[in-house]
Every structure is written in structure tokens, then in C-alpha cells.
């Protein structure tokens with residue numbers, strides 16, 4: 001059926017061929033060809049009521065969307081635009097972009113924050129005010145967050161956001177309304193999110209049942225066929241977050257390092273107490289205490305089972321004050337800082353006060369100490385991701401920065417009033433080399449919707465629960481032309497996963513989370529492939545054998561067909577001669593995959609999916625007594 005989808009895409013492009021490629025407002029911008037393509041297809045089909053912009057961070061999803069909103073009047077005169085976004089993203093990028101390039105539509109825009117606890121009430125209140133003569137265009141930014149808030153809880157209770165989800169799913173397709181969903185990571189935590197977002201875009205075409213059997217999609221072909229044209233797919237980095245990616249004229253090179261640091265004896269003691277406390281309290285699966293202890297350990301671990309929350313808060317506050325008082329007004333000597341900046345450590349001839357201070361700081365946090373040393377040795381600006389803010393998180397990290405004489409700004413929930421200005425100062429061209437502000441430390445609040453320029457090193461101090469969040473974090477620094485002002489020899493980003501290690505060799509919470517991420521990624525990769533091959537770009541490029549059409553009367557029927565996941569696609573089993581191999585996409589072998597190489601040089605993964613042909617002169621390395629091909 002993809003040929004039929006291609007015919008409708010071609011019809012839309014012809015219908016909108018006179019659409020300008022420039023967007024004029026108080027400023028002027030020329031769209032990239034891929035942005036213009038999306039706009040022409042979406043606006044060229046009146047009955048194409050929804051689309052997912054599955055675009056990498058930094059390729060211009062916001063610009064594409066604002067261009068579409070600007071030209072809604074080309075197909076109908078009266079529109080109400082509902083922008084459902086996180087509060088942190090209203091001003092920048094949305095308000096700023098609209099006011100710069102399409103100020104005339106601002107009077108038609110209603111912003112509603114879906115991270116507001118009263119979101120659903122505000123949504124339905126605004127819906128009631130919309131004139132019956134007006135069509136509605138909904139923009140759902142970072143739609144994976146909205147989907148996550150719409151999932152039914154494990155106890156079976158429906159979240160308030162689900163009522164908004166149900167309304168959009170039912171009503172957007174009526175009266176030629178439109179909806180644009182934006183995300184660089186449309187599936188984050190669970191494969192159920194795939195079904196949720198598909199049914200939001202194409203109501204009720206997938207039933208809530210398992211799409212996988214033994215971690216393999218039951219019917220990939222059926223999904224691709226029925227979901228044709230559901231999204232626009234612009235993903236330049238299809239590699240795992242743990243793999244290296246070569247740079248290009250527009251994007252910086254990415255190099256990944258698994259950087260292991262050994263806990264001190266004191267930190268190990270607190271870490272083991274945290275582990276026991278998790279087991280006793282029944283929250284071991286969340287690993288909160290261990291994650292905090294692996295990052296920073298106070299001199300004692302509060303017994304949280306015998307105390308109230310207020311008592312625990314007071315005790316942690318006292319421990320924090322004790323630590324601050326201890327290091328207050330302490331800092332390393334100029335000679336020590338010079339050594340650290342040159343990438344060297346202290347020696348026996350160094351100032352005893354410097355040696356003692358470094359030892360004390362490392363006793364409490366092997367991670368914070370190591371990151372500070374690497375920041376000072378970095379030639380450019382740095383980002384540090386730390387999800388925790390109070391107790392053992394950003395609050396303490398900033399104390400370490402002070403001792404190491406590191407200048408920084410913070411982007412987190414506690415800096416809401418200043419964080420946009422902080423990032424603006426950090427991104428200034430005059431600060432390209434980090435001479436005024438060396439580091440921006442950010443929590444999960446900084447994982448979406450903001451951009452950083454001329455970053456050379458990213459340090460991830462604590463893992464998220466999924467690869468998608470990690471991609472969002474790294475994607476803040478590797479964006480289209482993000483390193484344009486950086487000297488050519490520094491157009492790279494080193495990504496360091498800082499992993500705490502126990503002397504016993506027992507896996508730590510950091511290593512546990514990495515394994516969880518890798519397990520989830522296998523299923524997500526297959527679903528992303530479905531999005532790719534059902535995208536308007538893939539169809540138009542690969543499906544040339546179609547009959548031109550003169551109207552769009554059949555589009556709604558074509559895109560309303562129900563997916564039958566119970567019918568398994570036929571698999572052709574073929575025998576091939578060859579050998580089992582190990583391969584990696586990274587020369588540092590961050591992730592190693594098991595595969596099969598045929599006698600004629602074709603490489604397949606363990607599920608029989610073709611990867612690529614073996615290079616003529618392959619690079620082979622040895623890792624844990626395995627011969628590993630670097631491809």
C-alpha cells in the first residue's frame with residue numbers, strides 16, 4: 001500500500017508547489033528542504049489530520065512547526081492554535097520563535113502547560129471558548145512526556161491527562177482539524193507508548209496487545225503498511241547512545257567513554273548501608289539510595305525507617321551544613337589548579353594542604369572529584385548532568401566547583417527564574433571557550449527544549465532509566481551548526497559516562513542501569529524502524545511506481561485501516577555458510593554485539609537482520625578473549 005501513500009504525498013507536493021520557502025517576520029529564515037517538504041505534505045492534504053515529527057534534536061522541529069502554523073490560513077481562514085508544552089519551553093523556544101517569524105498568529109495561540117497539575121481542567125476550559133466556525137490545530141511538543149502522563153497507572157487508576165488524550169484522539173480527525181506531535185524520542189520507557197502515540201495519531205487502529213514475541217516484532221510488514229505516512233522521520237544519528245558518531249559539516253563528532261572511578265573505602269561503606277536500607281524499605285527496584293550514595297556520601301547514612309520525613313530532612317540538612325562548613329573558604333592553590341588544567345595530578349612535592357583537600361573530597365565522592373579534574377583539563381566548555389538537586393546532587397556539586405575554582409551556571413527546577421538567562425550567558429559567542437563560564441550543570445529539566453553551543457565535554461554523573469533520555473541530554477550539545485563558532489580542531493563532543501566501581505568487583509547501580517537501558521533498546525530499535533519505513537520521506541524516496549491522483553478522497557480510508565497484529569508475516573528461512581562473530585560500532589568497544597558473517601562477507605545480527613557487508617580490510621580487536629570486528 002505504500003505506493004498509494006506515495007501517490008497522495010505527490011498530490012500534496014504538487015498542490016503546494018508555490019508555497020514560499022522563506023518565513024518572513026521581524027526576522028527572515030529560509031527553511032531547509034526537508035522542513036519545506038514536511039510542511040507541503042501536511043498542508044497539502046486537508047484530510048491528513050495528524051503527523052508525528054520524529055526529528056533529531058537540533059534539526060529544527062520548532063521552525064518547521066511555526067512555518068506550518070503560519071501557512072494554515074492558506075487552506076482555511078479561521079484557526080485556533082493550542083500549544084500543549086512544558087512550562088519551561090513556553091518562552092523559549094516557542095514564544096520567541098513565533099514572535100520572530102510569525103507574529104501575526106500569536107493572537108490565535110493558546111498555551112497550556114501539560115506539566116501543570118490542573119492541565120486537564122485548563123484544557124477543557126479553553127476548548128469551550130473556541131468558536132464552532134474555527135478549526136483547531138494542536139501542537140503537542142515533546143509528545144513522549146504527554147504520552148507518559150496519559151498511561152494508566154499500575155494500580156489501574158486513570159491519570160487526569162488521559163481524558164485530554166481521549167478527547168484529542170476522538171475529535172482532531174473531525175472537521176479537518178490538525179495535530180502536530182513533536183519528539184526526538186517518541187518511545188521512552190515502555191513499548192506501550194508506541195501503541196498510545198499511534199492511536200493518538202490514527203485512532204483505534206492498534207489494539208492494546210503485545211506486538212512482540214521473544215523480543216521480535218510479530219508483524220513488522222503489517223505495521224509499516226497500515227502506518228504509512230504517519231510521521232516525518234529526520235534522524236541523523238541512528239546509532240546507540242553508547243556508540244561513536246563521526247562528525248560532518250553541520251554536526252560535531254561524538255566520542256563516548258565509559259569512565260570508571262573507584263569508590264573510596266568510606267564511600268563503599270555508605271553505599272552498602274544504602275543498599276540494605278533499600279531492601280528493608282521495599283524500594284530496591286528504584287535504587288534511589290544507592291544512586292545517591294554512589295554519587296556522594298555524607299559521613300553517616302540516616303536510618304530512614306525509624307524517622308519521619310521531616311526528621312530525615314533535618315538530619316540531611318545538618319550533614320550538608322557540616323560539609324559546607326568544613327570546606328568553606330577552602331580552595332586549591334594556584335599551582336595545583338595549573339597542574340589540574342594541564343591534565344596532571346598532585347605529586348609528593350605538592351603542597352600538603354592541596355593533597356589533604358583532594359583526599360578529603362575524594363573520600364566523599366569519587367565521581368564529583370574526578371569530574372572536576374576532567375573539567376579543568378578540558379580545552380572548552382562542559383556540561384554536567386546530575387538528576388538529583390538537593391542532598392547529594394547539584395547542591396553539593398556546586399560546592400566542589402567552588403573548591404576547584406570552576407565557574408558555572410545551573411539549569412534546574414530550583415533556578416526557574418534565572419535559568420534561561422543563565423543559558424543565554426553561557427552560550428554567548430564571547431564565551432565560546434568557557435573563559436567566563438566553564439560549565440553548565442543541569443538536571444532532567446535541561447534534557448529537553450534548550451540548546452548549548454560549542455560544548456566539548458559532557459559528563460553524565462547518574463544514569464537515566466532509558467536510552468531516549470540520554471539521547472535528549474547529549475542532543476542538547478550536538479545540534480545543527482552548534483559548533484560553528486568553535487575552532488575546527490575542537491568541533492567534537494566527548495561524552496563521559498561516570499561509573500562508580502566497588503573494590504570487590506560487584507556490579508554497582510550505575511552498571512545495573514546501563515544493562516537495563518541496553519535491554520530496552522532492542523525492542524525500541526525495531527519500533528523506530530517501523531516509524532522510519534512508514535515516514536513520508538522514506539515512502540516518497542523509495543516508492544516511485546504509483547499512479548498520480550487528482551484528489552484526496554481516499555486518504556482517510558487508506559489511513560484508517562486497522563492493524564492486524566495476530567497475522568504473523570511469513571519468514572523465509574535460508575541456510576547460509578559462515579561463522580559466528582562479535583562486532584562493535586565503536587573502536588573503544590563500548591557495546592559488543594553477537595552476530596553472524598556469511599562466507600560472502602554479509603554481517604547479520606543474532607535475529608538474522610542484515611547489518612552491512614564486511615569491510616575489505618576490517619579492523620579487528622581483542623576484548624575479553626574475543627575477536628571483535630569494528631564496523
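Backbone N, Cα and C atoms are what each Cβ position is placed from, and that goes for glycine too.
What Swiss-Prot records for this protein:
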DOMAIN    42-204  domain 'Helicase ATP-binding'
BINDING   55, 56, 57, 58, 59, 60, 61, 62  ATP binding site
MOTIF     141-144  motif 'DEXH box'
DOMAIN    367-536  domain 'Helicase C-terminal'
REGION    457-524  region 'Binding to the cap-specific mRNA (nucleoside-2'-O-)-methyltransferase'
Run through the region 'Binding to the cap-specific mRNA (nucleoside-2'-O-)-methyltransferase' (457-524) and tell me, per DSSP, how many residues are helix, strand and coil. 28 helix, 14 strand, 26 coil
Give me the mean pLDDT over the domain 'Helicase ATP-binding' (42-204), rounded to a whole number. 94
Take the motif 'DEXH box' (141-144) and count its residues per DSSP category (helix H/G/I, strand E/B, coil), listing them in that order. 2 helix, 0 strand, 2 coil
Would you count the other CB atoms within 10 A of the CB of residue 62 (ATP binding site), including those on all shown protein chains? 21
